[in-house]
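K.L.:
Grabbed the feature section from Swiss-Prot, which reads as follows:
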- 1-33: transit peptide (TRANSIT)
- R105, G256, N422, R424: phosphoenolpyruvate binding site (BINDING)
- K263, H283, C307, D330: Mn(2+) binding site (BINDING)
- A306, C307, G308, K309, T310, N311, P356, R455, W535, F544, F549, N552: GDP binding site (BINDING)
Amino acid sequence: MFWLRGGAQSCRGGETEDRMQRGMWGVGLARRRLSTSLSALPAAARDFVEEAVRLCRPREVLLCDGSEEEGKELLRGLQDDGVLHPLPKYDNCWLARTDPRDVARVESKTVLVTPEQSDAVPPPPPSGGPPQLGNWMSPNAFQAAVQERFPGCMAGRPLYVIPFSMGPPTSPLAKLGVQVTDSPYVVLSMRIMTRVGPAVLQRLDDDFVRCLHSVGRPLPLTEPLVSSWPCDRSPVLVAHIPSERRIVSFGSGYGGNSLLGKKCFALRIASRMAQQQGWLAEHMLILGVTSPSGEKRYMAAAFPSACGKTNLAMMTPSLPGWRIHCVGDDIAWMKFDDEGRLRAINPERGFFGVAPGTSSRTNPNAMATIARNTIFTNVGLRSDGGVYWDGLDEPTEPGVTYTSWLGKPWKHGDPEPCAHPNSRFCAPADQCPIMDPRWDDPEGVPIDAIIFGGRRPRGVPLVVEAFGWRHGVFMGSAMRSEATAAAEHKGGRLMHDPFAMRPFFGYNAGRYLEHWLSTGLRSNARLPRLFHVNWFLRDNEGRFVWPGFGHNARVLAWIFGRIQGRDTARPTPIGWVPKEGDLDLGGLPGVDYSQLFPMEKGFWEEECRQLREYYGENFGADLPRDVMAELEGLEERVRKM
């Protein structure tokens, strides 16, 4: 981190001099003077930083270099300020507790800024209800919002400059960004989640995504912080300006709102870039599947947040001889190569995973990954220096006590959970014991199957293969899932989530579907097969009918066979499903094929009715005709059941 002076408003008044001297979110880092200045940045990046300095008026500017020394200083400063707490049970692991109001993505305050509303979102719902596929803000309203929030918002704090790469810097699919922020927690997390360092600075030119973030709590404070966590929740704004490749975030320190390389850049901005440039930026995991014979295939899978992407990407298969390797657990950038193969990279270099439910039983590889160099946020704390959350099956010694994510004593049986349902771990990807040897390959890996999925407690079979590309795009557009804790929606409500991108579209969702349809028309494309899975079917007593976790390898093995052209499927009105006996259920007592593949006419009649209503309400005239034709085809097949 290089020391820069000038252009910043000094802090004055309010807090004690001692508090200011100690740093308050890392101000103390400014005492280390290094030789390099903003001259290390190209002119466009310098202009961006200087613009942010004039607007936000920070105390000083610090250019991040990604060094180990820099990381240690950030950790020391955050520990001194009470933001991070060491976890001595593990190696270089830390706990952060946020303000209880700052715990998830804020979809209602996340906007796309375009001159024309139709560029960002489909027509407003005819019913007058809230839009489901994104929020639009006019350029004039955006400028007013910036002027209401940002002038002087970093007073008394340092402004950190983070040049970063999404994807291996040498990859033809890599994209660069520069984030400025007043949060050292964000700097530490971005060092894990993206590629930061000299290799990025060497490649940085005028073509980069501009990311401005502030927690919105200038010094001196006018009211005390909660959990030493700065945020200003009432005027939160997460804005994306696709035409300028710019992201502006204010008021939240939570990762989904502040780590701007993640959903903001890698999905919202990148999906618009992908549409313009002929590739795909998707909310998908990437994994490699190796059969007992040694043949390997790569698959991508789109699930809504907290629906099992990380567990699937890091799965330990229950089938002997099968192996899984992880390329990425959340985001895939995919582009056809000159031979027509769809190649994918993971643009991230870390995991920002949901902690609750993660255990040595459900995901032993994740547990191994997070045992060192990890930042935990809003998990419970054990008196032996370990962490705790619902579903963690680690034994504890007698006498060990617990502190909840709210900093209060907690015991088993208490009505409130010890860890927040959306508590997170942030860990380097290369610590995962099953990372694929090609996970960092600049050329990417070839994708042979794309899988859609969500939480559907009834009616939707365990696995279905699309009849073809167009039908598969329809399946992706028709995805529905129970809401999770990853956003501010209440869990349990069944929500439409096309392609698991509902919160992440970077442009009009109808045109997004058109882009997917046109992808299938490429003359030389070797298109992946498309599937839909549902691990979450329940019986009439509410019990899961599929054991999930490592047994999901049985479904992947069937998909593997379909990629090879095996005749193991039978047609149904909704797609191809495994023939009875062709999905390996050996050693699963009580698992009933008929329960895994329900085909109820009444359910699908209602599903079609609700889907037609949803399309009309949320896509309107922007729904591609081919998608409506697929719905009409499904309705006709269901009528004949």
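Cβ atoms here come from the backbone N, Cα and C positions, even for glycine.
Note that this is a predicted model, so its numbers are computed, not measured.
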K.L.:
What's the CA-CA gap between F549 (GDP binding site) and C307 (Mn(2+) binding site) in angstrom, rounded?
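P.N.:
Cα of F549 (GDP binding site) to Cα of C307 (Mn(2+) binding site) measures 12 Å after rounding.
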K.L.:
Return the residue, from the listed binding-site residues T310, N422, with the maximum count of other C-beta atoms within 10 angstroms of its C-beta.
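P.N.:
Within the set of binding-site residues, the most crowded position is T310.
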K.L.:
Indicate whether F549 (GDP binding site) is helix, strand or coil by DSSP.
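P.N.:
For F549 (GDP binding site) - judged by DSSP and reduced to three states - the answer is helix.
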K.L.:
Can you tell me which of the binding-site residues R105, G256, H283, C307 is spatially closest to W535 (GDP binding site)? Compare CA atoms only.
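P.N.:
Spatially nearest to W535 (GDP binding site) by Cα position is C307.
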K.L.:
Please report the Cα separation of G256 (phosphoenolpyruvate binding site) and D330 (Mn(2+) binding site) in Å, rounded to an integer.
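P.N.:
Between the alpha carbons of G256 (phosphoenolpyruvate binding site) and D330 (Mn(2+) binding site) there are 12 Å.
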K.L.:
What whole-number Å value do you get for the CA-CA distance of R105 (phosphoenolpyruvate binding site) and D330 (Mn(2+) binding site)?
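P.N.:
For R105 (phosphoenolpyruvate binding site) versus D330 (Mn(2+) binding site), the Cα atoms are 15 Å apart.
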K.L.:
Helix, strand or coil: which one is R424 (phosphoenolpyruvate binding site) in, per DSSP?
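P.N.:
The three-state answer is strand.
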K.L.:
If you count the C-beta atoms lying within 10 Å of each candidate's C-beta, which of the binding-site residues G256, G308, P356 ends up with the smallest number?
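P.N.:
Minimum Cβ neighbour count within 10 Å, taken over the binding-site residues G256, G308, P356, occurs at P356.
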K.L.:
Specify the count of other C-beta atoms within 10 Å of the C-beta of R105 (phosphoenolpyruvate binding site).
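P.N.:
Taking all protein chains shown, R105 (phosphoenolpyruvate binding site) has 24 Cβ neighbours within 10 Å.
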K.L.:
Can you give me the same-chain residues 6 or more apart in sequence from K263 (Mn(2+) binding site) with a CB-CB distance under 8 Å?
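P.N.:
The list for K263 (Mn(2+) binding site) reads R105, G256, P503, F504, given in order along the sequence.
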